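Record features (TrEMBL):
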- 37-281: domain 'G-protein coupled receptors family 1 profile' (DOMAIN)
- 22-47: transmembrane segment (TRANSMEM)
- 54-74: transmembrane segment (TRANSMEM)
- 94-116: transmembrane segment (TRANSMEM)
- 136-159: transmembrane segment (TRANSMEM)
- 204-224: transmembrane segment (TRANSMEM)
- 236-252: transmembrane segment (TRANSMEM)
- 264-283: transmembrane segment (TRANSMEM)
Amino acid sequence: NKTVVTEFILLGFGNGPELDSLLFLMFLSIYIATITGNLFIIVLILANQQLHTPMYFFLGNLACLEICYSSNILPRMLLSYLVGDRSISVNRCFTQYYFFGCLAAAECYLLAVMSYDRYLAVCKPLHYPSRMNSKLCLQLTVASWISGFLSNSILTFLISTLDFCGPNEIEHFFCDSFPMIKLSCSGTHVAGLVTSVVAGVCSLPPFLLTFSSYLCIIITVMGIPKKAFSTCSSHLIVVILFYWSILTVYVLPHRDTQMSPNKVFSVFYTILTPLVNPLIYSLRNKEVREALQK
(Lines of atoms letter the chains of each structure in order from A and count residues from 1; the text may use other names and numbers.)
(Lines give C-alpha, C1' and ligand atoms only; values in the text may rest on other atoms or scores of the structure.)
Protein backbone atom coordinates (compact mmCIF):
# COMPACT_ATOMS: atom_id res chain seq x y z
CA ASN A 1 0.00 0.00 0.00
CA LYS A 2 2.01 2.95 -1.28
CA THR A 3 0.90 6.31 -2.63
CA VAL A 4 2.25 7.12 -6.09
CA VAL A 5 3.45 10.71 -6.41
CA THR A 6 1.85 12.50 -9.37
CA GLU A 7 3.39 15.95 -8.88
CA PHE A 8 6.36 17.63 -7.25
CA ILE A 9 6.60 20.93 -5.39
CA LEU A 10 9.54 23.15 -6.36
CA LEU A 11 10.44 25.06 -3.20
CA GLY A 12 12.59 27.62 -5.02
CA PHE A 13 14.42 30.24 -2.96
CA GLY A 14 11.91 30.87 -0.21
CA ASN A 15 8.33 31.80 0.66
CA GLY A 16 6.48 35.02 1.33
CA PRO A 17 4.67 37.53 -0.90
CA GLU A 18 7.30 40.24 -0.57
CA LEU A 19 10.20 37.90 -1.35
CA ASP A 20 8.27 36.30 -4.22
CA SER A 21 7.61 39.71 -5.78
CA LEU A 22 11.26 40.70 -5.50
CA LEU A 23 12.47 37.40 -6.96
CA PHE A 24 9.90 37.63 -9.78
CA LEU A 25 11.08 41.08 -10.82
CA MET A 26 14.75 40.11 -10.57
CA PHE A 27 14.45 36.89 -12.59
CA LEU A 28 12.10 38.52 -15.10
CA SER A 29 14.70 41.22 -15.76
CA ILE A 30 17.41 38.59 -16.13
CA TYR A 31 15.28 36.51 -18.51
CA ILE A 32 14.38 39.50 -20.71
CA ALA A 33 18.02 40.61 -20.83
CA THR A 34 19.17 37.06 -21.65
CA ILE A 35 16.68 36.55 -24.49
CA THR A 36 17.24 40.05 -25.89
CA GLY A 37 21.03 39.80 -25.80
CA ASN A 38 21.20 36.37 -27.41
CA LEU A 39 18.57 37.17 -30.04
CA PHE A 40 20.48 40.34 -30.86
CA ILE A 41 23.64 38.28 -31.46
CA ILE A 42 21.83 35.77 -33.70
CA VAL A 43 20.14 38.47 -35.82
CA LEU A 44 23.37 40.47 -36.13
CA ILE A 45 25.35 37.42 -37.27
CA LEU A 46 22.70 36.41 -39.82
CA ALA A 47 22.32 39.93 -41.19
CA ASN A 48 25.99 40.83 -41.57
CA GLN A 49 28.19 39.05 -44.10
CA GLN A 50 31.30 40.20 -42.25
CA LEU A 51 30.38 37.93 -39.33
CA HIS A 52 29.99 34.76 -41.42
CA THR A 53 33.13 33.20 -39.98
CA PRO A 54 33.73 30.03 -37.89
CA MET A 55 33.98 32.01 -34.64
CA TYR A 56 30.60 33.69 -35.10
CA PHE A 57 29.02 30.52 -36.45
CA PHE A 58 29.83 28.85 -33.13
CA LEU A 59 28.77 31.96 -31.26
CA GLY A 60 25.39 31.97 -33.00
CA ASN A 61 24.85 28.36 -31.98
CA LEU A 62 25.84 29.22 -28.40
CA ALA A 63 23.33 32.09 -28.36
CA CYS A 64 20.59 29.77 -29.66
CA LEU A 65 21.50 27.20 -27.01
CA GLU A 66 21.40 29.82 -24.25
CA ILE A 67 17.89 30.92 -25.32
CA CYS A 68 16.65 27.31 -25.12
CA TYR A 69 18.54 26.79 -21.86
CA SER A 70 16.99 29.80 -20.11
CA SER A 71 13.52 29.19 -21.57
CA ASN A 72 13.52 25.67 -20.15
CA ILE A 73 13.87 26.92 -16.55
CA LEU A 74 13.02 30.58 -16.02
CA PRO A 75 9.43 30.83 -17.44
CA ARG A 76 8.23 28.01 -15.15
CA MET A 77 9.96 29.62 -12.17
CA LEU A 78 8.51 33.05 -13.01
CA LEU A 79 5.02 31.56 -13.26
CA SER A 80 5.37 29.96 -9.83
CA TYR A 81 6.32 33.31 -8.27
CA LEU A 82 3.54 35.10 -10.12
CA VAL A 83 0.60 32.82 -9.30
CA GLY A 84 2.01 31.13 -6.20
CA ASP A 85 1.62 27.60 -7.61
CA ARG A 86 4.90 25.75 -7.31
CA SER A 87 3.59 22.33 -8.28
CA ILE A 88 4.73 20.55 -11.43
CA SER A 89 3.59 17.17 -12.71
CA VAL A 90 6.05 14.29 -12.60
CA ASN A 91 6.14 13.96 -16.39
CA ARG A 92 6.78 17.68 -16.89
CA CYS A 93 9.48 17.53 -14.24
CA PHE A 94 11.26 14.70 -16.04
CA THR A 95 10.87 16.58 -19.34
CA GLN A 96 12.37 19.74 -17.87
CA TYR A 97 15.28 17.79 -16.44
CA TYR A 98 15.87 15.97 -19.74
CA PHE A 99 16.18 19.18 -21.75
CA PHE A 100 18.20 20.87 -19.01
CA GLY A 101 20.73 18.03 -18.94
CA CYS A 102 20.93 17.81 -22.73
CA LEU A 103 21.45 21.55 -23.18
CA ALA A 104 23.98 21.76 -20.33
CA ALA A 105 26.04 18.93 -21.84
CA ALA A 106 25.79 20.47 -25.31
CA GLU A 107 27.07 23.78 -23.91
CA CYS A 108 30.05 22.03 -22.32
CA TYR A 109 31.00 20.54 -25.69
CA LEU A 110 30.30 23.73 -27.62
CA LEU A 111 32.44 25.85 -25.28
CA ALA A 112 35.28 23.37 -25.82
CA VAL A 113 34.84 23.62 -29.60
CA MET A 114 34.87 27.43 -29.41
CA SER A 115 38.04 27.40 -27.31
CA TYR A 116 39.72 25.07 -29.84
CA ASP A 117 38.67 27.41 -32.66
CA ARG A 118 40.21 30.39 -30.84
CA TYR A 119 43.36 28.36 -30.10
CA LEU A 120 43.86 27.63 -33.80
CA ALA A 121 43.13 31.24 -34.77
CA VAL A 122 45.58 32.75 -32.25
CA CYS A 123 48.28 30.11 -31.85
CA LYS A 124 48.22 28.52 -35.35
CA PRO A 125 47.12 31.39 -37.61
CA LEU A 126 48.79 30.03 -40.76
CA HIS A 127 47.02 26.68 -40.47
CA TYR A 128 43.68 28.12 -39.33
CA PRO A 129 42.00 28.64 -42.77
CA SER A 130 42.74 25.09 -43.90
CA ARG A 131 41.88 23.37 -40.62
CA MET A 132 38.75 25.25 -39.56
CA ASN A 133 36.75 25.04 -42.79
CA SER A 134 32.96 25.23 -43.10
CA LYS A 135 32.57 21.43 -43.20
CA LEU A 136 34.50 20.94 -39.96
CA CYS A 137 32.57 23.78 -38.29
CA LEU A 138 29.28 22.11 -39.13
CA GLN A 139 30.51 18.70 -38.01
CA LEU A 140 31.77 20.00 -34.67
CA THR A 141 28.55 21.90 -34.00
CA VAL A 142 26.29 18.98 -34.90
CA ALA A 143 28.44 16.67 -32.80
CA SER A 144 28.13 19.02 -29.81
CA TRP A 145 24.33 19.14 -30.04
CA ILE A 146 23.88 15.40 -30.67
CA SER A 147 26.36 14.38 -27.94
CA GLY A 148 24.56 16.63 -25.47
CA PHE A 149 21.16 15.13 -26.22
CA LEU A 150 22.40 11.54 -26.23
CA SER A 151 24.39 11.84 -23.00
CA ASN A 152 21.37 12.66 -20.84
CA SER A 153 18.88 10.22 -22.38
CA ILE A 154 20.00 7.17 -20.41
CA LEU A 155 20.23 9.14 -17.17
CA THR A 156 16.74 10.61 -17.55
CA PHE A 157 15.32 7.17 -18.30
CA LEU A 158 17.07 5.74 -15.23
CA ILE A 159 15.66 8.43 -12.93
CA SER A 160 12.18 8.06 -14.42
CA THR A 161 12.15 4.36 -13.44
CA LEU A 162 12.62 5.20 -9.74
CA ASP A 163 9.64 4.91 -7.39
CA PHE A 164 8.33 8.12 -5.84
CA CYS A 165 5.88 7.31 -3.08
CA GLY A 166 6.66 9.66 -0.21
CA PRO A 167 7.75 13.32 0.06
CA ASN A 168 7.29 15.37 -3.10
CA GLU A 169 8.99 18.68 -2.20
CA ILE A 170 12.07 19.34 -4.33
CA GLU A 171 14.63 21.56 -2.59
CA HIS A 172 15.47 23.42 -5.79
CA PHE A 173 14.14 25.99 -8.27
CA PHE A 174 13.98 23.49 -11.14
CA CYS A 175 13.83 19.72 -11.62
CA ASP A 176 17.36 18.45 -11.14
CA SER A 177 18.76 14.95 -10.74
CA PHE A 178 20.04 14.81 -7.14
CA PRO A 179 17.04 16.63 -5.57
CA MET A 180 14.69 14.22 -7.40
CA ILE A 181 16.77 11.15 -6.53
CA LYS A 182 16.70 12.22 -2.89
CA LEU A 183 12.88 11.89 -2.89
CA SER A 184 12.80 8.35 -4.29
CA CYS A 185 11.74 5.49 -2.04
CA SER A 186 13.62 2.88 -4.11
CA GLY A 187 17.34 2.15 -4.37
CA THR A 188 19.12 5.28 -5.57
CA HIS A 189 22.81 4.32 -5.43
CA VAL A 190 23.05 3.40 -9.11
CA ALA A 191 21.16 6.52 -10.23
CA GLY A 192 23.38 8.78 -8.13
CA LEU A 193 26.56 7.09 -9.37
CA VAL A 194 25.49 7.28 -13.03
CA THR A 195 24.58 10.96 -12.56
CA SER A 196 28.09 11.77 -11.31
CA VAL A 197 29.75 9.68 -14.03
CA VAL A 198 27.72 11.23 -16.86
CA ALA A 199 28.29 14.73 -15.48
CA GLY A 200 32.01 14.05 -15.19
CA VAL A 201 32.28 12.71 -18.74
CA CYS A 202 30.32 15.67 -20.13
CA SER A 203 32.12 18.39 -18.21
CA LEU A 204 35.64 17.35 -17.15
CA PRO A 205 37.22 16.55 -20.59
CA PRO A 206 35.69 19.68 -22.23
CA PHE A 207 36.85 21.75 -19.26
CA LEU A 208 40.43 20.46 -19.55
CA LEU A 209 40.44 21.12 -23.30
CA THR A 210 38.95 24.59 -22.83
CA PHE A 211 41.30 25.53 -20.01
CA SER A 212 44.35 24.27 -21.93
CA SER A 213 43.30 26.16 -25.08
CA TYR A 214 42.77 29.45 -23.25
CA LEU A 215 46.01 28.99 -21.32
CA CYS A 216 47.92 28.65 -24.60
CA ILE A 217 46.06 31.68 -25.98
CA ILE A 218 46.87 33.83 -22.96
CA ILE A 219 50.55 32.84 -23.11
CA THR A 220 50.61 33.69 -26.83
CA VAL A 221 48.89 37.07 -26.51
CA MET A 222 50.89 38.25 -23.50
CA GLY A 223 53.20 40.03 -25.91
CA ILE A 224 50.27 41.49 -27.89
CA PRO A 225 47.99 44.41 -26.83
CA LYS A 226 46.50 44.26 -23.33
CA LYS A 227 42.96 44.43 -24.72
CA ALA A 228 43.34 41.01 -26.37
CA PHE A 229 44.68 39.60 -23.10
CA SER A 230 41.75 41.16 -21.20
CA THR A 231 39.19 39.64 -23.58
CA CYS A 232 40.71 36.14 -23.35
CA SER A 233 40.91 36.38 -19.55
CA SER A 234 37.21 37.38 -19.42
CA HIS A 235 36.32 34.35 -21.55
CA LEU A 236 38.36 32.11 -19.26
CA ILE A 237 36.74 33.47 -16.08
CA VAL A 238 33.21 32.82 -17.39
CA VAL A 239 34.18 29.34 -18.60
CA ILE A 240 35.77 28.43 -15.26
CA LEU A 241 32.68 29.61 -13.35
CA PHE A 242 30.44 27.53 -15.64
CA TYR A 243 32.44 24.31 -15.41
CA TRP A 244 33.39 24.77 -11.75
CA SER A 245 29.76 25.14 -10.65
CA ILE A 246 28.71 22.05 -12.65
CA LEU A 247 31.56 19.95 -11.30
CA THR A 248 30.81 21.13 -7.74
CA VAL A 249 27.14 20.16 -7.94
CA TYR A 250 27.33 16.88 -9.87
CA VAL A 251 30.83 15.37 -9.65
CA LEU A 252 32.20 16.20 -6.20
CA PRO A 253 31.01 13.97 -3.30
CA HIS A 254 27.35 14.72 -2.64
CA ARG A 255 25.78 15.16 0.79
CA ASP A 256 22.30 16.17 1.84
CA THR A 257 23.71 19.03 3.89
CA GLN A 258 25.15 20.53 0.69
CA MET A 259 21.77 20.83 -1.02
CA SER A 260 21.28 24.54 -0.31
CA PRO A 261 24.80 25.55 -1.42
CA ASN A 262 24.32 23.42 -4.55
CA LYS A 263 21.15 25.38 -5.29
CA VAL A 264 23.19 28.57 -5.17
CA PHE A 265 25.90 27.08 -7.41
CA SER A 266 23.18 26.09 -9.90
CA VAL A 267 22.38 29.77 -10.42
CA PHE A 268 25.79 30.23 -12.07
CA TYR A 269 25.29 27.74 -14.91
CA THR A 270 21.52 28.03 -15.36
CA ILE A 271 20.89 31.79 -15.07
CA LEU A 272 24.07 33.88 -14.95
CA THR A 273 26.05 32.20 -17.74
CA PRO A 274 23.34 32.68 -20.42
CA LEU A 275 23.11 36.31 -19.32
CA VAL A 276 26.81 37.22 -19.49
CA ASN A 277 27.88 35.12 -22.49
CA PRO A 278 26.55 37.63 -25.09
CA LEU A 279 28.41 40.43 -23.28
CA ILE A 280 31.68 38.55 -22.91
CA TYR A 281 31.82 36.81 -26.29
CA SER A 282 30.22 39.41 -28.54
CA LEU A 283 29.67 42.95 -27.40
CA ARG A 284 33.37 43.36 -26.50
CA ASN A 285 34.44 42.33 -30.02
CA LYS A 286 35.44 45.01 -32.48
CA GLU A 287 33.76 43.20 -35.41
CA VAL A 288 30.41 43.09 -33.60
CA ARG A 289 30.54 46.79 -32.76
CA GLU A 290 31.38 47.65 -36.37
CA ALA A 291 28.56 45.45 -37.64
CA LEU A 292 26.16 47.10 -35.18
CA GLN A 293 27.17 50.57 -36.39
CA LYS A 294 26.57 49.54 -40.01
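Counting starts with 1 at the first residue shown.
Just so it is clear, glycine is given a Cβ too, placed from its N, Cα and C backbone atoms.
Keep in mind it's a predicted model, so treat the numbers as computed, not measured.
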Folded-back contacts onto the transmembrane segment (54-74), same chain, C-beta under 8 angstroms, at least six residues removed: 27, 30-31, 34-35, 38-39, 41-42, 45-46, 96, 99-100, 103-104, 106-107, 110-111, 113-114, 117-118, 121, 132, 134, 137, 140-141, 144-145, 173-174, 270-271, 273-274, 277-278, 281-282, 287
Top partner of the transmembrane segment (204-224) among 22-47, 236-252, 264-283 - counted as Cβ pairs under 8 Å: 236-252
Contacting positions for the transmembrane segment (236-252) when only residues 6+ beyond its ends and CB under 8 Å are counted: 104, 107-108, 111, 115, 177-178, 195-196, 199-200, 203-204, 206-207, 210-211, 214, 218, 262, 265-266, 268-269, 272-273, 276-277, 280
